[in-house]
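Visitor: So Swiss-Prot says this about it:
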- LYS78: active site, charge relay system (ACT_SITE)
- SER153: active site, charge relay system (ACT_SITE)
- SER177: active site, acyl-ester intermediate (ACT_SITE)
Amino acid sequence: MEPYALTMHELHDLLVRKELSVTETLTSFLTRIETLDPRLNSYLSVLAESSLAEAGRFDRGERDLHASPLAGIPLAIKDVLCMQGTVTTCGSRILENFVPPYDGTVIARLREAGAIFLGKTNMDEFAMGSSTENSAYGVTRNPWDRERVPGGSSGGSAAAVAADLCSGSLGTDTGGSIRQPASFCGVVGLKPTYGRVSRFGLVAFASSLDQIGPITKDVEDAAILLQAIAGHDRRDSTSVDHPVPDYRASLREPIKGLRLGIPKEYFVHGMHPEIADSVQRAINVCLQLGAEVGEVSLPHTGYGVAAYYIIAPAEASSNLARYDGVKYGLRVPDARDLIGMYRTSRSQGFGAEVKRRIMLGTYVLSAGYYDAYYTKASQARTLIRKDFLDAFDSFDALLAPVAPVPAFKIGEKSDDPLQMYLNDALTLPASLAGVPGISVPCGFSGEGLPIGLQILGPHFREDLLLRIAYQFEQATAHHLARPDSI
């Protein structure tokens with residue numbers, strides 16, 4: 001089997017046993033990227049020279065392959081994470097030449113673990129989108145059907161993993177941007193608890209929602225990646241100093257006796273019937289594994305979309321105010337005055353969806369509308385969080401669909417922002433509540449499109465989610481499927 005087709009843990013075993021060199025491994029991936037990625041556009045930049053140089057250090061014995069399970073492993077990084085000396089665009093024209101002078105915390109931790117960075121992946125501009133159609137650098141295509149979207153905003157990261165263009169990747173999840181593309185592309189995607197992973201070096205969209213997490217080929221790989229990046233960071237004031245368990249240690253524990261809740265509000269009217277069928281079959285697998293299953297209500301789920309699309313744009317309008325053409329980013333030439341330079345740089349640098357959300361956020365924060373919109377949205381968020389806390393009093397975890405439909409056609413929802421936003425209805429509540437969630441492959445539609453099972457758990461119980469997902473994965477074969485032709 002080619003190195004690019006292996007999981008991270010399989011690949012690392014071969015590297016440690018010297019059955020493969022790290023240079024051979026990197027060459028395998030780089031050749032595949034050169035051949036296939038022009039059809040997918042999952043990468044915005046490929047770091048061939050630096051990655052091969054790092055591989056050489058391992059092969060010469062200058063770095064130790066035994067140092068960690070990530071030593072010598074080729075990863076892709078969503079282009080919203082600062083990497084020293086590497087262009088970081090956030091999928092936006094306004095940052096097309098921005099080179100960060102430092103590594104974000106997760107990048108620094110992965111470097112220390114010995115991971116090798118293949119490149120930066122495409123994304124919806126500033127992580128605002130659900131399809132990776134909003135990138136200033138072109139749409140990313142789904143490896144299972146190149147006429148369809150890979151999901152978003154971490155679509156490039158998910159597509160790269162699904163197409164074997166990296167061993168694993170990092171994405172970010174503000175309202176579903178790891179879980180939904182993982183579902184659409186048939187891979188594993190984990191959104192950790194808010195505060196579990198440092199956001200230092202993450203270009204902010206909505207600071208109270210953004211979270212970094214792994215996208216991988218299987219659950220064990222997700223545990224390995226999370227192990228490397230989780231933990232307190234004093235440079236991030238929202239990082240929580242909470243013990244980090246050994247995420248691989250509990251993977252093989254049976255789930256017999258666990259109480260799994262099925263939120264009735266997540267099986268919405270208009271859901272694609274094959275989604276509901278696949279999730280029901282996944283629930284039956286968990287029953288066969290000895291779990292106890294029961295219905296639960298999350299009564300304020302219906303307010304999630306409205307609350308999110310008030311809170312997130314409000315935070316974005318503040319965070320994106322820094323892009324004015326003065327310190328960094330696009331600056332238009334020949335502006336007549338300072339205000340004209342601000343206006344023209346921002347209007348030319350930002351795409352349509354980003355402008356829409358900035359305007360929405362500015363509106364809901366304005367004096368006459370703050371109480372009517374932002375305050376009520378914050379109250380709804382509190383109620384949604386309480387729904388989850390109440391549910392976890394009775395259940396260990398929740399099982400649900402990730403999205404109401406499989407991957408949709410490119411351009412199908414582009415002219416209807418509301419329909420695009422509603423596609424996030426099943427992932428937004430967990431983001432608003434700050435609880436962890438994982439998407440694991442659980443089936444395929446009649447058209448051969450992947451479908452994901454969403455598992456949600458209490459704050460800081462990523463270990464439990466990984467255990468449930470792993471046991472489900474071992475009882476099924478959905479995660480082993482790969483696109484036939486790209």
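Cβ coordinates are placed from backbone N, Cα and C, and glycine is handled just like the others.
Help me picture these features in the structure, burial and contacts included.
Guide: The Cβ of LYS78 (active site, charge relay system) lies under 8 Å from the Cβ of LYS120, THR121, MET123, SER154, GLY156, SER157, SER169, LEU170, GLY171, THR172, each on the same chain and at least six residues away in sequence.
Taking a C-beta cut-off of under 8 angstroms and a sequence separation of 6 or more, SER153 (active site, charge relay system) has the following same-chain neighbours: GLY91, MET123, ASP124, ALA127, MET128, GLY129, SER130, THR132, ASN134, GLY171, THR172, THR174, SER177, PRO181. DSSP classifies SER153 (active site, charge relay system) as coil under the three-state reduction.
Taken residue by residue with DSSP, SER177 (active site, acyl-ester intermediate) is part of neither helix nor strand, so it is coil.
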Visitor: Among all the protein chains here, how many other CB atoms are within 10 A of the CB of SER177 (active site, acyl-ester intermediate)?
Guide: 37
Visitor: Tell me the coarse DSSP state (helix, strand, coil) of LYS78 (active site, charge relay system).
Guide: strand
